[in-house]
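As annotated by TrEMBL, signal peptide applies to 1-17. Among the features that TrEMBL reports, domain 'Peptidase A1' is placed at 91-397. Residues annotated as active site in TrEMBL: Asp109, Asp291. The disulfide bond annotation in TrEMBL covers Cys122-Cys127, Cys325-Cys358.
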Amino acid sequence: MPSSVSLFLAFFLGAVAQSANGYGGVQRLKLQKMPMVLDDMANDEFRSQAREQVSLHEAPVDVEGCGLGMTSERIQGGHPVPLINFLNSQYFTEVSLGTPKQYFNVVLDTGSSNFWVPSTSCNSIACYLHKKYDSTASSTFKKNGSEFEIYYDSGAISGIISQDVLSIGDLTINSQDFGEALVEPGLGWAFSKFDGILGLGFDTTSVNNIVPPFINMVERGLLDEPIFSFRVGSSEEDAGEAVFGGIDKGHYKGEIHYVPIRRSGHWEVGLDSVRFGDDVLELENTGAVIDTGYSLLGIPSDVAELINAQIGAQPSWTGQYTVECDTVPSLPDIAFTLGGREYSLTSEDYILRVQQQCISSFQSFDSEVEQFWVLGSVFLRKYFTVFDYGAGQIGFAIAAQA
Ligand SMILES: *[C@@H]1O[C@H](CO)[C@@H](O)[C@H](O)[C@H]1NC(C)=O
């Protein structure tokens, strides 16, 4: 790692815009990724946190032991999967592939639909710095060999499809097709804390039409209910938890309010209006993508500029908008109206405190065809979510603090 500056990534894995079939069996999926460079990262405290995170990242996750006081009665028919939280910016979980098990840290990403990990045959720098899947070491590997390519802003991830046994939490999915990444260009991937991505999106938006793991869980009857839920934690100690096939009653307070999916094939609901302080922005034909693989709030650039100006945020040399930390308590709330209800965030929620800096989470993002905003973990730390595949809706409730 560089000594004075660490490249720190906020991945924008939502904003999925897929073109029609590509060429030669290769489909294109455009995913946006936004690097976030933070200075003053050489701080000792920070480094020791990062070290702890790395060792946690390497240890096999003990599902029973990481549930933050969860009890089996609270989860009805669900399969808990603990999250790992790197600086409230990258959330991932450990899964295994193959027999014997090979372990990987993957982002559980509702903003995309493909599952991939680095391959031992990959020569990119990013692959050297991450765990790699070795098909020759797995007795349950089945060759497929068709090519895939996923487009990101900073370059395409490409490789071949393989099949093996996937374990996630206490669930085992036999014959899961996934991508073995052979090329991972760019430093962005090199500095990520996670090895790969496990898309939780719909199969209709999956590159090469590979059936994603969650859809396989549903279709093969591994879950009591065709849902998964997320409580995104706020610290390394309280990293949060995903539950497949159920809801943990200890993960939220009050009632869950459900909003129908707006665009089929996407974890997106209608965004009726946005209130910032006393100003209300009424929106038409606009969605909110609920993206567990994105850390910030992705909003149209004209609105982002306006809000950042209003909170006095200035662009820093790193490209991030920062505010003076002593102004934070006086900044207004922002509220998103989803399904007729307001979901508000205070300035303490939407300003990220990283070391001495106070960073605005309002990030310019202009969707190409459909108009949508992206609500990432800044929103999800406050609101527990239920992704209800069966009924085509997303549920929201106030997240319980651990
Ligand atoms: C390879 O995987 C793709 C995507 O899951 C599937 O459609 C195709 O039939 C597989 N091909 C072989 C030869 O197994």
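The backbone N, Cα and C atoms fix where each Cβ goes, glycine too.
These numbers come from a predicted model, not from an experiment.
Shown here: features listed in TrEMBL, placed on the structure.
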| residue | record | DSSP class |
| --- | --- | --- |
| Asp109 | active site | strand |
| Cys122 | disulfide bond | coil |
| Cys127 | disulfide bond | helix |
| Asp291 | active site | coil |
| Cys325 | disulfide bond | helix |
| Cys358 | disulfide bond | strand |
Alpha-carbon spacing, Asp291 (active site) to Cys358 (disulfide bond), which is rounded to whole Å: 23
Cα-to-Cα gap, Asp109 (active site) vs Cys127 (disulfide bond), nearest whole Å: 20
For Cys325 (disulfide bond), nearby residues of its own chain (Cβ under 8 Å, 6 or more apart in sequence): Arg353, Gln356, Gln357, Cys358
Neighbourhood of Cys122 (disulfide bond) by C-beta distance under 8 A, where only residues 6 or more apart in the same chain count: Lys132, Gly159, Glu180, Ala181, Leu182, Val183, Glu184
Number of other Cβ atoms within 10 Å of the Cβ of Cys127 (disulfide bond) across all protein chains: 22
Model confidence over the domain 'Peptidase A1' (91-397) (mean pLDDT, whole number): 92
Other CB atoms, at most 10 A from the CB of Asp291 (active site): 28
